[in-house]
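Chemist: The structure that follows is given in the form of structure tokens.
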């Protein structure tokens, strides 16, 4: 179906008192992303010509958090109801475009449902998203005559008979811009709340003989709003359950779907296995046959085929070629790169460092601002001393180098191909190819040595 041009209004002016937070409610995160960002992304995916964000409380924080989005900021200085919020945005509506109204605290609304609503909107009428609840207490009821929608009555204004109605308003609707402006101008606050209800435009449209078409979402969770942290946590679990189900159906083995969090996007190959309590953040790519152990955090990284990440490892902004092994308890920081078959063991940290093919850093090591060749052995306790208190410097280690345990490499320094660094050495000058570097104090031995005795 060919749709009219469309703009979106997102209401995000509420204080969120029940969140007990200094942060605007809509900036609280779901799956690692602000609730309102989920809604903005949906609007953009629908092809909105403009996104008008109605804000009030915490405007500076909102603008900072959403600075990368192309938004028209609309101030609602006083929160006098949803109709009043839309009135603030109305001057920006074009007469010949459709206006879709969304909410910054309803984060799981799907693009598919919104597209169905858009397609269902009758010419000159209103598309309305509704659901039926077993317990509709507190929600606006949908009134009908002969099956046709005639209006919405808020719970506090409803009669006892109207309160028996189970079909309720979700607050999401779409209408023509010229019609919307005309109806908004007619709103009054003559109701129990003393507010301007956007829902009153339904009755105004009906009185003009306009058709109102109700559409239902695919899932109830799509239209659930967040007023407190308990509700937010419940929607988080709904979202994570849906993501886990999609991954399982796509062939990813999640050992316990209830203990897996996806806070971004995951691209994966075949036969991927993910153990419990793993968190995926940002954009992550997993190759074929990748195995991730329990408690790992993977963020904005590419993991090659046949890699194995042992439990409680953190990988951030890193790239791993095929057949690498990491962990347990390893940390790859931004700029870490492992070439094919490299190994990083327990309590090893890498930052802006490359570990060559087949090279190993088995345990208790820091590799920062380093370029390490192929088939290098990094002994336990090795440290690249890359920082002098003001500037960072680079360590370069050639192919086939053996670095003994408890070695410090004071950058800038280069170790040539095939060199050996004796255990306990502090390297302060370049080491030539195939050379042995040793800086230990000669060992002495005192026969018959007696330990000091504590005085009583």
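Backbone N, Cα and C atoms are what each Cβ position is placed from, and that goes for glycine too.
The shown structure was predicted, so the numbers you read here are calculated from the model rather than taken from an experiment.
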Chemist: Looking at the acetyl-CoA binding annotation from Swiss-Prot, with 380, 386, 387, 405, 423 already listed, which candidate in 429, 440 is the matching residue?
Modeler: 440
Chemist: Please work out which residue of 377, 386, 405 has the most C-beta neighbours within 10 angstroms of its C-beta, and give that one of the binding-site residues.
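Modeler: That would be 386, with the most Cβ atoms nearby.
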Chemist: List only the single closest residue to residue 405 (acetyl-CoA binding site), chosen from the binding-site residues 11, 14, 81, 105, 154 by CA-CA distance.
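Modeler: Smallest Cα separation from residue 405 (acetyl-CoA binding site) among 11, 14, 81, 105, 154: 105.
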Chemist: Would you mind splitting the region 'Linker' (230-250) into helix, strand and coil residue counts from DSSP?
Modeler: 20 helix, 0 strand, 1 coil
Chemist: If you skip the near sequence neighbours and keep only those at least six away, which residues in the chain come within under 8 angstroms of residue 380 (acetyl-CoA binding site), Cβ to Cβ?
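Modeler: Listed in sequence order: 362, 363, 364, 365, 405, 406.
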Chemist: Would you give the longest CA-CA distance, in whole angstrom, between residues of 380, 386, 387, 405, 423, 440, the set recorded as binding acetyl-CoA?
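Modeler: Max span of the acetyl-CoA binding residues, Cα based, is 23 Å.
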Chemist: Quick check on the binding-site residues: of 14, 81, 104, whose CB has the lowest count of neighbouring CB atoms inside 10 Å?
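Modeler: Among the binding-site residues 14, 81, 104, the lowest count of other Cβ atoms within 10 Å belongs to 81.
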Chemist: Residue 387 (acetyl-CoA binding site): which of the binding-site residues 11, 81, 227, 333, 377 is the nearest Cα neighbour?
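Modeler: In terms of Cα distance, residue 387 (acetyl-CoA binding site) lies closest to 333.
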